[in-house]
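Asker: Take this structure, written in structure tokens, and hold onto it; I'll ask about it next.
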């Protein structure tokens with residue numbers, strides 16, 4: 001029996017201007033409460049989605065994000081609370097922008113592939129240059145074309161980095177270390193990657209032959225969907241000290257942002273795990289509210305296999321972003337007739353926003369070892385945290401927030417408050433407001449492309465018909481999302497970037 005919208009509201013309570021609480025009882029079996037972070041505009045979207053679902057509009061597709069946050073709060077072994085970030089929107093199992101942590105010492109605690117997502121280690125990398133907007137504007141079209149030529153883009157795109165089956169096995173195990181050994185990365189790139197670009201628990205044997213077959217031709221490719229490479233310029237600096245540590249010292253400085261993941265390989269790892277876990281759930285009698293939340297006990301063979309396979313897919317994604325960095329450096333060097341070194345094309349940072357990792361956190365005054373699921377959310381560790389690079393010890397970890405075609409992107413830094421409230425986690429981007437199908441119905445791709453041209457943005461797209469899905473109108477406002485995190489104190493704004501060229505799948 002479904003409740004009316006007004007009945008649902010009894011379980012929701014505004015804690016402060018940026019945060020709502022979801023009380024136990026909102027969905028069955030909640031072990032902990034839920035929370036979600038919003039501002040007024042984002043709050044309206046969340047409640048509209050719930051109201052539509054109560055009217056019977058919840059058929060087809062996913063549950064509303066609030067319900068999904070509640071269902072995650074009912075998973076065995078969850079601690080503290082189930083958390084929705086400001087860019088939260090409904091997804092498979094977990095909402096995208098929902099994070100949750102599970103107690104590694106609780107034998108009942110689970111790992112859920114739906115809490116990581118299909119594009120394992122989808123993430124963002126930001127490169128800086130010593131170029132200025134005035135250097136790039138005259139050759140903007142050439143540069144966009146050079147990047148489009150160098151980086152294979154689009155749905156079935158194939159890589160240009162030579163790779164055989166043995167290379168793939170090594171890349172799955174070694175991550176950025178493989179790129180370094182093969183000459184596709186610089187030594188200092190590794191320092192500026194989350195996990196230093198390599199998850200040590202990776203086991204290529206836990207990645208199926210089918211997944212490897214899908215992954216082999218796709219290394220160093222951008223893929224379609226919301227993936228992109230953008231040439232951006234610094235539009236605003238909010239924190240000069242943090243920006244300087246990142247090598248950003250003035251407005252108009254040119255950067256490159258790469259947003260990509262583990263392509264077909266990660267998708268297959270997730271699919272394989274979901275099949276195995278359905279069986280494990282029957283065997284171990286694990287009850288969940290939504291069958292998309294298929295999961296397995298962390299210590300079970302299925303749980304361990306998934307974590308090892310997921311880590312390997314994560315390593316693949318880091319190799320992928322490293323390969324595209326290599327190709328970007330080549331494209332820039334070619335257009336400016338110099339070397340990548342002379343252009344100061346260094347990696348500022350590389351973050352993941354679809355991953356599960358073992359971390360130490362303080363819960364109720366005690367340090368605990370947790371399996372932290374971040375899906376559509378980004379790690380944002382505070383200053384002095386042992387897991388962040390030496391360069392950023394005083395600023396906090398850089399957090400890269402990608403906008404959508406034609407909108408701004410941001411660099412944030414992690415905070416102590418985020419550590420206590422959200423397990424050191426913040427938003428990851430804009431978050432969808434319209435489904436892909438709706439975007440295709442409501443928007444015309446030529447209009448979207450014309451609008452970008454009017455904004456002076458050079459664009460290269462492999463599949464123009466997919467452009468509407470990624471149009472800014474399809475998304476929440478990234479500035480709303482970032483400001484909500486900033487006002488809530490879970491991350492702080494450092495730099496704002498605006499695009500001058502977009503390369504898309």
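Backbone N, Cα and C atoms are what each Cβ position is placed from, and that goes for glycine too.
Annotations per Swiss-Prot:
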BINDING   119, 122, 227  Mn(2+) 1 binding site
BINDING   122, 259, 353  Mn(2+) 2 binding site
BINDING   226-230, 353-354, 402-405, 409, 428-431, 504  GMP binding site
MOD_RES   300  phosphoserine
Asker: Check each residue in the chain of residue 404 (GMP binding site) that is at least six apart in sequence and keep those whose C-beta is under 8 Å from its C-beta; list them in sequence order.
Answerer: 226, 429, 430, 470, 471, 472, 474, 475, 478
Asker: Of 119, 122, 300, 353, which is closest to residue 229 (GMP binding site) if I measure between C-alpha atoms? They're all recorded positions.
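Answerer: Checked the recorded positions 119, 122, 300, 353; minimum Cα distance to residue 229 (GMP binding site) goes to 122.
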Asker: Return the residues near residue 353 (Mn(2+) 2 binding site), defined as same-chain residues 6+ apart in sequence whose C-beta is under 8 angstroms from its C-beta, sorted by sequence, else 'none'.
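Answerer: 122, 123, 124, 374, 375, 376, 377, 378, 428, 429 - these are the non-local Cβ neighbours of residue 353 (Mn(2+) 2 binding site), listed in sequence order.
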Asker: Neighbours of the Mn(2+) 2 site 122, 259, 353: Cβ within 8 Å of the Cβ centroid, same chain, sequence order.
Answerer: 119, 121, 123, 124, 226, 227, 260, 261, 352, 354, 402, 428, 429
Asker: For the binding-site residues 227, 259, 428, work out the Cβ neighbour count at 10 Å and name the residue with the minimum.
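Answerer: Comparing Cβ neighbours within 10 Å for the binding-site residues 227, 259, 428, 227 has the fewest.
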Asker: For residue 227 (Mn(2+) 1 binding site) and residue 259 (Mn(2+) 2 binding site), determine the Cα separation and express it in whole Å.
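Answerer: Spelling it out, the Cα of residue 227 (Mn(2+) 1 binding site) and the Cα of residue 259 (Mn(2+) 2 binding site) are 5 Å apart.
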Asker: What is the separation, in Å, between the Cα atoms of residue 300 (phosphoserine) and residue 119 (Mn(2+) 1 binding site)?
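Answerer: Here the two Cα atoms lie 23 Å apart.
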Asker: For residue 119 (Mn(2+) 1 binding site), write down the residues of its own chain that are at least 6 apart in sequence and whose Cβ falls under 8 Å from its Cβ; none is a fine answer.
Answerer: 261, 262, 263, 266, 267, 354
Asker: What number of additional C-beta atoms lies within 10 angstroms of the C-beta atom of residue 354 (GMP binding site)?
Answerer: 29
Asker: What's the CA-CA gap between residue 431 (GMP binding site) and residue 259 (Mn(2+) 2 binding site) in angstrom, rounded?
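Answerer: Approximately 14 Å lies between the Cα of residue 431 (GMP binding site) and that of residue 259 (Mn(2+) 2 binding site).
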Asker: Cβ neighbours within 10 Å, counted over all protein chains: which one of the recorded positions 226, 300 has the most?
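Answerer: Of the recorded positions 226, 300, the most buried by Cβ count within 10 Å is 226.
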